[in-house]
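Report on the following structure.
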Amino acid sequence: MSAAEVADHYNNVRQAGIQDRKESRIFFMRNMNNWIKSQLINDAMKLVNENGVKSPVVLDIACGKGGDLRKWDITGAKHVVMADVADVSIQQAEERYKTMHKYPHDIFGAQFIVADCTKENLDDKIEIKEPFDLVSCQFAMHYSFVDEDSARTFLKNAVGKLKLGGVFIGTLPDADRIVWAVRNGTEGKFANDVCKITYEKVDELSEGNVPLFGAKFHFSLDEQVNCPEFLAYFSLVKHLLEEHDMELLFVHNFAEAITNWLVPGRRLLESMKGLETFPNRNLSGKTDEEYLEAKAKIDSLGDNVPKFVGTLSKSEWEAICMYLVFGFRKKKTTEKNLESEAPEIKKVTPVPLNEDTDKTAEKNEERIEEKEENPSHC
């Protein structure tokens, strides 16, 4: 799968209007994803502020149509570089940025770059000379894991110009969870009412045969067929980033992230409509099985408590649990405990969703260690 094919796919995706988004089967899931990104950026900004920076210089790599531009404005960013392989997406991002000049306050400076970050040196195209305080890559890094060279080039572009103490955040499909799901499906497939995951080479699903690079799968969401994607095992991502003096601050599966951020972010979650009210007459899911957990919660409430809860349908929840959220920081030159600077975010590993998923992760750790002993790159 070439970068040109990825670009063509995203260039041809129809820009959905507000009404289309409201009528989508995954309306609440998309809003939840957006809320998770907001909480992630908010926590990252705390770390950036602790590094002595109030108005960060930001790289939004694989930025798509610029869906996070408003978030960068809220952070008080000084300058944002938006880079993506799809030229139409960059054009739409730039148009979105231009509308922000109508805001009653000054907004950040920006540069929009069309670049294949898996092949080109992004630094050659960046106009500003300042290093980045914050880098963000949302739902896109895994495309670079088509092969080792592409992944290494992408990660170098992502963090190569990050200042000491700078932060790299992102969201990523959980490769171990996906492998578990398709292994336990039929003929390499997992499907529910909102998503379908297909692993191309079923014979590779036997233990230990899924490659570290080039493991192709297809993820269709809400009847929209996506272009082929590639598994990016988080343990491998961590290993490659450590070569760039990056250290892991945190990694959570989305279910864990929602639990961690629910209390501090509840008001924003409600305003962003990240949860569906149950019960109501127009539920997005059409079967009772989609809301068994919500119904059980309602039944457990006392008689004097309002009988409404916020929820996601079962299918949306299963899809959202296929993702991870992460944060890294570029090591400083001084020897000190960097984690002590960020009490708000604990360094954790994802809670295993089941024993098989955990075993898959452990197996991949072993394979990465073997690769390190016999490196293909000097």
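Cβ from N, Cα, C; glycine included.
Together with LYS37, ASP84, ASP116, GLN138, TYR143, the S-adenosyl-L-methionine site in Swiss-Prot holds one more listed residue from ALA62, ALA175, ALA181, which is ALA62. Cβ neighbour counts within 10 Å, taken over all protein chains shown, single out GLN138 as the most crowded of the binding-site residues ASN33, ASN34, GLN138. DSSP assigns HIS142 (site 'mRNA cap binding') to a helix. Using Cα positions, the member of the recorded positions LYS37, LYS71, ASP84, ASP116, GLU229 nearest to HIS142 (site 'mRNA cap binding') is identified as GLU229. GLN138 (S-adenosyl-L-methionine binding site) sits 10 Å from ASN33 (mRNA binding site), counting Cα to Cα.
When the alpha carbons of LYS71 (site 'mRNA cap binding') and LYS37 (S-adenosyl-L-methionine binding site) are compared, the span between them is 9 angstrom.
With a 10 A radius on its CB, LYS37 (S-adenosyl-L-methionine binding site) counts 20 other CB atoms from all the protein chains.
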